Amino acid sequence: MDPLPTAHLGHRKKRPRQTGASMTSTPHDIRFRDLVLFILEKKMGTTRRAFFMELARRKGFRVENELSDSVTHIVAENNSGSDVLEWLQVQNIKASSQLELLDISWLIECMGAGRPVETTGKHQLVVRRDSPDHSNSDPQRIPPPAVQTISQYACQRKTTLNNCNRVFTDAFDVLAENYEFRENESCSVVFMRAASVLKSLPFTITSMKDLEGIPCLEGKAKSIIEEIIEDGESSEVKAVLNDERYKSFKLFTSVFGVGLKTSEKWFRMGFRTLSKIRSDKSLKFTHMQKAGFLYYEDLVSCVTRAEAEAVSVLVKEAVWAFLPDAFVTMTGGFRRGKNIGHDVDFLITSAEATEEEEQQLLHKVTNLWEKKGLLLYCDLVESTFEKLKTPSRKVDALDHFQKCFLILKLHHQRVDSDKASQQGGKNWKAIRVDLVMCPYERRAFALLGWTGSRQFERDLRRYATHERKMILDNHALYDKTKRIFLKAESEEEIFAHLGLDYIEPWERNA
Ligand code: DCT
Ligand code: MG
């Protein structure tokens, strides 16, 4: 698929924007007579639908207000093919085999190209074929794991949340974290890789023979596995869990805004508890740390999936009030299928916004929340993104997109209306939220980067560098041999450029 022409993304004159019910369609010339579009309101909402209808008409598409026999393309958002068919059935309309059921991403690409683009598999909505016949899928006949083919790179392994080796991975996570606290990166990496490879195994390690052919488990990692198999625990891990420095760092870094440097300082000063630190008059705290202490209880109690979904609604409401065509995607651990997280991450992008509108959006959104009293903390970092810069070689480099690190006030009522009425006193919870705004043509790279996991990302970059002579980061993919940037419209295309089999988000829990 052609990427959007760059002229389209540059500075453009601002048009007066009509929204909502007030939007009436003015007659437009129909340039593409072979297509008749109908945009489904379900899950998209009236305003957003009206926006797309008007936009498409302006670009010369025929868009019907009502569904009729003449419609050739149904465009929907956040609906599967089955959802659309179900909706058609309820409307008493039979879908002909010619009727195309397409995702909104197709229409957005058409808008970018200024003409109908070819519909491909990634645009077509999938119709589930629920087969009640499970006689062929015998769970006993799972083939034995092909251990000899396990890659040393997490991006060539499928890692779901179903971890069969938690005893070992918990131990390695502790050791990796302890080395991180001691700023011993090379040792930390050894244990992160060991934990990561074990998380991908479809079976539990029960004897040392099971380790045959599994990479990243040499030396110390191997001897710790042996100890756990024999004694049920590792003496080294036990020692770390009882170590003053480890315990203090673990506690101090649990405060939002406190990193290794501050922890080190407090530890050296002899602090061991948060209450002592909080009440010490001689200590100076940053804004971030003040907020971290103020909302500590809420922030350590992790975000649930229901809370994340409620935040998602809040974010979409605010973003779409200013940019109705914007894509808002929940990224991070929740996109990987996790049911809890320490924050909720969102990627925002728009095919239609001018550079100015794009730059203003996060400001407008956070101002709106501020007015509503929902903004408990806000750190907005402007973009330092440069289009022609080669990607960063560092595996842990921060990206250059505009972003904000927030603490939002989430009213219980938005999560569960029953719970809200039961509780007296505080009727909200403080939630950490990250919003990232990226240029539309970089959305696939940003999405891949912000979906994580961190280990998956590190290994993707390491793989690109060492196996493909390419440099990958959250903005771009650069081919060092051909000396060109490789464009991508989707995560699938990035994997394809790297010569990797596609790994679904829920298989990236490395
Ligand atoms: N990430 C990134 N650049 C950053 C920070 C994060 O590319 N400066 C990526 C890596 C993972 C993803 O974004 C989300 O980050 P986190 O929220 O820290 O991780 P998570 O997997 O969502 O974990 P949690 O569930 O604890 O929030
Ligand atoms: Mg997260």
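Here the Cβ of each residue, glycine as well, is placed from N, Cα and C on the backbone.
If you check TrEMBL, you get these features:
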{"type": "BINDING", "residues": "Asp343, Asp345, Asp434", "note": "Mg(2+) binding site"}
{"type": "DOMAIN", "residues": "27-118", "note": "domain 'BRCT'"}
{"type": "REGION", "residues": "1-25", "note": "region 'Disordered'"}
Around the Cβ of Asp434 (Mg(2+) binding site), the count of other Cβ atoms that are within 10 Å: 16
Summary of DSSP states over the domain 'BRCT' (27-118), given as helix, strand and coil counts: 33 helix, 20 strand, 39 coil
Environment of Asp343, Asp345, Asp434, the listed Mg(2+) site - residues of the same chain whose CB lies within 8 A of the CB centroid: Thr331, Gly332, Gly341, Val344, Phe346, Phe405, Arg432, Val433, Leu435
Cβ neighbours within the same chain of Asp345 (Mg(2+) binding site) - under 8 Å, at least six residues apart: Met330, Thr331, Gly332, Gly333, Phe334, Arg335, Val433, Asp434, Val436, Trp450
Listed binding-site residues with Cβ under 6 Å from ligand 2, out of Asp343, Asp345, Asp434: Asp343, Asp345
